[in-house]
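First the structure, in the form of structure tokens, and then the observations on it.
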Amino acid sequence: MAKLVGPLRKELAESLSSCRVLVVGAGGIGCELLKNLVLTGFKKIEVIDLDTIDVSNLNRQFLFQKKHVGKSKAQVAKESVLRFCPSANITAYHDSIMNPDYNVEFFRNFQLVMNALDNRAARNHVNRMCLAADIPLIESGTAGYLGQVTVIKKGQTECYECQPKPTQKTFPGCTIRNTPSEPIHCIVWAKYLYNQLFGEEDADQEVSPDTADPEAAWNPADAAARATASNKDGDIKRVSTKEWARSTGYDPVKLFNKLFKDDIMYLLTMDKLWKKRKAPLPLDWTEIHHLEFSQEEACGTGLKDQQVLGVQGYAQLFHRSVETLRSQLIEKGEGAELVWDKDDPPAMDFVTAAANLRMNVFSMNMKSRFDVKSMAGNIIPAIATTNAVIAGLIVLEALKTLNSEFDQCRTIFLNKQPNPRKKLLVPCALDPPNPSCYVCASKPEVTVKLNVHKTIVQALQDKILKEKFGMVAPDVQIEDGKGTILISSEEGETEANNNKFLSDFGIRNGSRLQVDDFLQDYTLLVNLIHSEELEKDVEFEVVGDAPDKAPTPSVPEEGKNIANGNKDSAQPSTSSKAAAEDDDVLIVDSDEEPSSSTMEASPESSNRKRKHHGTDTDDAASKRKRLDQQPADDDEDIIALD
């Protein structure tokens with residue numbers, strides 16, 4: 001340890017032992033970072049992570065061993081570090097950083113916060129908490145061989161949200177259900193199928209043919225007369241997938257024939273869909289098993305996860321996985337549900353088999369289990385050495401920050417290939433705050449275009465305020481001169497408003513909403529523009545927010561979106577609950593110091609509201625005014641992928 005601390009200025013080395021730092025995340029970067037911190041001389045460390053240890057973590061998260069699988073990452077990381085540095089004072093929280101318990105006052109206990117996260121929602125939240133607490137934040141991320149580190153300081157640098165991020169990919173329901181054209185469409189469909197059969201049924205994740213497909217423009221009565229679907233095995237009835245599956249006792253053969261034969265034949269009756277597309281080819285269980293079938297075909301060759309089986313092999317895998325999952329449901333008892341997990345073998349077998357069979361039906365090249373898992377689990381292979389390099393850079397930037405050498409802090413990018421000057425690490429000067437940022441500006445303001453007659457309050461809360469603008473527990477007041485409360489974060493207070501349209505409350509073109517998130521100590525003024533002419537499948541637009549028009553990177557082929565083990569832009573997440581997203585990475589081709597914003601590269605929530613110290617509770621109470629309750633319905637068919 002003497003060699004590590006020796007080069008530090010005496011005053012700085014001594015101050016490290018009393019400096020309180022918060023590490024958010026104890027995964028790939030987090031493990032390396034905790035080790036670096038204690039070996040550098042930091043003694044008072046608090047670490048928080050919601051996850052438990054999985055077998056797939058062990059190849060790079062070196063603080064964990066096989067015996068730790070299933071245990072808290074934060075707690076085991078603490079115990080492992082204390083074994084080689086018992087003098088450290090480490091506090092571990094097995095919890096979400098977005099829990100309201102970790103409010104602004106909690107963040108003010110630290111001199112520095114370091115992110116080692118893998119999702120955008122948590123990054124947004126920590127960014128806002130550090131801004132509210134006026135605490136420096138060091139942000140980081142890795143993806144394969146690429147990595148980055150940057151420093152965020154209120155009023156002096158861009159915050160994490162100063163530059164717009166690429167929007168989440170969305171696929172219309174009719175694409176997933178009727179006309180898949182890419183493997184990811186089939187994988188999304190297979191995950192939805194898993195949930196519909198064995199998990200929590202969701203009307204937005206239906207997998208049967210979509211009869212409302214606007215492109216089909218067919219006559220259901222005529223089509224029904226032409227349909228030649230089998231009534232023996234599949235018996236297509238327009239009932240929910242789960243209801244039909246239960247009626248068959250989860251019979252694998254009947255499920256197979258319904259999904260890959262009868263439903264496909266039903267799709268073929270929508271003949272307008274196939275005038276400019278190659279029509280799907282139905283599969284039949286009996287016909288498949290009459291074909292010549294070898295053991296080599298069933299097992300494939302090479303590494304198990306990288307095999308691509310034939311149709312017969314995936315049909316057998318589908319059969320086995322359905323039987324296994326059916327048994328798991330029976331063991332759990334009446335009304336039980338399974339939760340899809342990429343690391344659960346039967347679940348992964350099912351999604352791999354179902355997705356590949358659908359790919360075959362729609363004439364796509366089938367994928368290995370490894371490829372399917374990468375897309376379904378939103379994974380980019382994580383590399384231990386990349387995490388180690390980035391963790392080291394975090395500590396170097398931390399030392400500059402704590403040593404009041406903020407002018408020396410940099411955004412640093414780790415490239416996959418050396419630049420012309422043979423440099424892998426490229427520093428860039430920190431950018432000043434974006435004056436129009438809707439998070440760190442002195443008076444944050446944003447303009448949203450939507451249809452007030454079609455947008456319901458629930459969509460405003462979930463899709464716009466929480467998903468798009470990263471809030472956790474928003475309160476919304478209409479600037480109508482009456483102080484009308486549209487949304488309250490107090491559970492049950494405005495729940496009856498959820499299914500009403502915005503126009504029901506007098507909201508029209510030019511209306512303004514005052515949105516407060518007490519947990520984040522964040523206020524946003526939302527200007528609404530009413531529009532009847534939004535693009536198909538677009539529910540709202542943020543005016544002026546156009547990340548796709550940002551400048552292109554200097555080295556386009558290496559401009560990537562970065563996160564610790566995640567690459568959402570490459571493989572969109574298909575989890576309805578996941579908030580996994582990626583950092584913006586910038587790859588430059590020079591070792592000079594350009595401004596990092598001159599180039600562009602590629603939630604958990606709580607219903608509780610906490611009041612911060614010094615906040616006037618009378619103010620909060622006085623602003624509320626109840627609304628009349630008028631139910632309304634909204635019918636969407638958009639599948640949003642995180």
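Including glycine, each Cβ sits where the backbone N, Cα and C put it.
Taking the Cβ of Cys174 (active site, glycyl thioester intermediate) as centre and 10 Å as the limit, one finds 20 other Cβ atoms among all the protein chains shown. What TrEMBL records for Cys174 is active site, glycyl thioester intermediate.
As annotated by TrEMBL, ATP binding site applies to 25-30, Asp49, 57-60, Lys73, 96-97, 118-123.
What TrEMBL lists as Zn(2+) binding site is Cys159, Cys162, Cys437, Cys440. Counting every protein chain shown, the Cβ of Cys437 (Zn(2+) binding site) has 17 other Cβ atoms within 10 Å.
If you look up TrEMBL, you'll see 214-229 (among others) marked as compositional bias 'Low complexity'.
TrEMBL lists 563-577 with the feature compositional bias 'Polar residues'.
If you look up TrEMBL, you'll see 595-605 (among others) marked as compositional bias 'Low complexity'.
Around the Cβ of Lys191 (SUMO cross-link), a 10 Å sphere holds 28 further Cβ atoms from the protein chains shown. Taken from TrEMBL, the feature SUMO cross-link covers Lys191 (among others).
Around Lys258 (SUMO cross-link), a 10 Å sphere centred on its CB holds 25 further CB atoms from the protein chains shown. Look at TrEMBL and you will find Lys258 (among others) tagged as SUMO cross-link.
If you look up TrEMBL, you'll see Lys623 (among others) marked as SUMO cross-link.
Annotated domain 'THIF-type NAD/FAD binding fold' per TrEMBL: 8-420, in sequence order.
The feature domain 'Ubiquitin/SUMO-activating enzyme ubiquitin-like' is assigned by TrEMBL to 448-535.
According to TrEMBL, the feature domain 'SUMO-activating enzyme subunit 2 C-terminal' maps to 545-637.
The region 'Disordered' annotation in TrEMBL covers 205-232 (among others).
Taken from TrEMBL, the feature region 'Disordered' covers 545-642 (among others).
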Give the number of CB atoms, excluding that of Asn59 (ATP binding site) itself, located within 10 Å of its CB. 12
For a quick check of packing: other C-beta atoms within 10 Å of the C-beta of Gly28 (ATP binding site), how many? 26
Please identify which of Ser96, Asn119 has the densest Cβ environment, defined as other Cβ atoms within 10 Å, among these binding-site residues. Asn119
Is it possible to list how many residues within the domain 'Ubiquitin/SUMO-activating enzyme ubiquitin-like' (448-535) are helical, extended or coil according to DSSP? 19 helix, 28 strand, 41 coil
Which whole-number mean pLDDT does the model give the domain 'Ubiquitin/SUMO-activating enzyme ubiquitin-like' (448-535)? 92
For Cys159 (Zn(2+) binding site), the number of neighbouring Cβ atoms whose distance to its own Cβ is within 10 Å equals 23
Cα separation, Ala122 (ATP binding site) to Cys159 (Zn(2+) binding site) (Å, whole number): 14
How many whole Å apart are the CA atoms of Cys162 (Zn(2+) binding site) and Ala122 (ATP binding site)? 16
